Amino acid sequence: MNWRFVELLYFLFVWGRISVQPSRQEPAGTDQHVSKEFDWLISDRGPFHHSRSYLSFVERHRQGFTTRYKIYREFARWKVRNTAIERRDLVRHPVPLMPEFQRSIRLLGRRPTTQQFIDTIIKKYGTHLLISATLGGEEALTMYMDKSRLDRKSGNATQSVEALHQLASSYFVDRDGTMRRLHEIQISTGAIKVTETRTGPLGCNSYDNLDSVSSVLLQSTESKLHLQGLQIIFPQYLQEKFVQSALSYIMCNGEGEYVCQNSQCRCQCAEEFPQCNCPITDIQIMEFTLANMAKAWTEAYKDLENSDEFKSFMKRLPSNHFLTIGSIHQHWGNDWDLQSRYKLLQSATEAQRQKIQRTARKLFGLSVRCRHNPNHQLPRERTIQQWLARVQSLLYCNENGFWGTFLESQRSCVCHGSTTLCQRPIPCIIGGNNSCAMCSLANISLCGSCNKGYKLYRGRCEPQNVDSERSEQFISFETDLDFQDLELKYLLQKMDSRLYVHTTFISNEIRLDTFFDPRWRKRMSLTLKSNKNRMDFIHMVIGMSMRICQMRNSSLDPMFFVYVNPFSGSHSEGWNMPFGEFGYPRWEKIRLQNSQCYNWTLLLGNRWKTFFETVHIYLRSRTRLPTLRNETGQGPVDLSDPSKRQFYIKISDVQVFGYSLRFNADLLRSAVQQVNQSYTQGGQFYSSSSVMLLMLDIRDRINRLAPPVAPGKPQLDLFSCMLKHRLKLTNSEIIRVNHALDLYNTEILKQSDQMTAKLC
């Protein structure tokens, strides 16, 4: 039989019944993404992924156009059925197949391999047959939109998308006018790409204004596409193997066998394709997409900072005084324009966060059987507290082209880029009590005027009625030895006699200029015994020095614990020097020339100088070594044993540096009695206001010399220690005096009390 005649018969069997339907018009606007759930399993396979529309959408999506809107109308449709496949009895009436297809089936044999099926059948003819479908023509307008660009151009992406939808809906009414306006928007914004297509079906009489003449498979709710596996036309013994081969081709790209066990399916990779389970191309696309989403997240924050609402908010902030986080928050909440812009940012970042999470879940799901481990971190949302801190940094840490981060607790900037030029002058704090009433016009960091009851002194506000010269009659806080820190360091290096304080060395465990074993705790004290010898003075420590000699090749490094009693008392009434903490200095170790001796120096300076009566020094080595203890605990040790003597050290000199302040105990005791008397008489503060102010000033100046403490903890109360040990007051008298001063400070002066911790 002639082959052309056989082909005509087969065509008549396949395209059975034809019916003509009127044309229709459908708009379709959807947010479509390249990868849907399980879409990677069939990526780059089948006719759909090689179609013109899909490839166009993939390319647009990679360019940033994540939203597709399509309005189209179909016309001249025919419903077709494959009547040959509908036959139930394929044995008596076999399907008329092409000779080439029949020859390919015969070449398979009875037990073909998966690769034979793929190369011979699947790659040539596919995996499915068309059972029924709809043919026709289509006229469509497709818009690809980048919502992020629309948001930046118009300020509201939702309204812009709706306006474009309304404009596109008039395409079939006024095609030329609609296309002209859309092209103007495309050129001016770059946020949309417009494509129009007109495809006609085979058999139409008129092909005018058509881009192509070909059959179009239409698919809608009314016109569904029905497919069936190609195995139905194979012999019985080949059907199961064909299904396995088709699944291996679709799911594993022909690089392995598709197997299912325990409700889990995977690809059993061939030796030449060990990574067949890993869709590396899709993973790279998702990683690139996540990187772009992270950039878009950062750009959203920059867009808010560059917006007109944020800039106008920054301009309206007052610059004549310091703004705390709380005051900035108040201005932030009162700016309605900024609030509406901030809500848009929150909604945009929330939508972006959900997209990132969905993409990240897909990415990690694809990487389950990959050697490639994805590294992705979800961008952190900037909280309102971080926004306020950002505003503060823009106000005070944005100078000379540099920028940094502002720390409100320290009122300073941490500049980025290893520079200190980003900090602007920090304005003064305006408030009540000892805060400024107005900042200085000449130097905004200093006070220009003070509140009632305070006077301006060196840019600070101090209580107006305090006579500092009168308090000097009680304790001479200001002396000729108030040197600068550099001067003090120079005088300590020279061992200046003016800073030499005569103390008494006391120790039952150590003798000066005698070697001892430091691996056991040793204690020594330096005391003044002012209550017996120098009752008219209190003493200030500004530094310490020790000369320690070690045996040759010694590996020990001694460690010191120093406790200070400010005004005598027991050991429990002392405080420990926090070396290296809270800005407190450390010991400086300098080796002496041509000797095994070292000078250990501690310079407190003006910042950390404090009162002292007795200094307790505990010495211990930094390493634990085998027990070699001097049983006597005193006297010279045996240095003849080389295994022992390398651990011994000796202290040849211990010295405290400082100066003494004149202290009028009788005059101060009489002032304290007046304070105590006013408290017991029912708070008659007005009659003794000068004494109250004087005692408040003395208490403040004494407690100001207290040692540093951890942030959030109260300072030590040195004033009460002075009342107890130098004025010999009882605990009840000390409580009454402090309570009277606190009442006067809060009720009369309207100042807040500073919390202190009990030491004595």
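Placement of Cβ uses the backbone N, Cα and C atoms for every residue, glycine included.
Summarising the annotation, Swiss-Prot assigns domain 'MACPF' to 68-251. The N-linked glycosylation site feature in Swiss-Prot is assigned to N156, N433, N443, N553, N599, N630, N676; the stated evidence is sequence analysis. Annotation source Swiss-Prot lists signal peptide at 1-16.
This view paints the features noted in Swiss-Prot onto the structure.
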residue : record                      : contacts (Cβ under 8 Å, 6+ apart)
N433    : N-linked glycosylation site : N451, Y454, L749, K750, Q751, S752
N443    : N-linked glycosylation site : P425, G459
N599    : N-linked glycosylation site : S545, M546, R547, K589, I590, R591, L592
N676    : N-linked glycosylation site : E733, R736, V737, A740
(request) In three-state terms from DSSP, label N599 (N-linked glycosylation site) for me. (result) strand
(message) On average, what pLDDT score does this prediction assign to the domain 'MACPF' (68-251)?
(response) 77
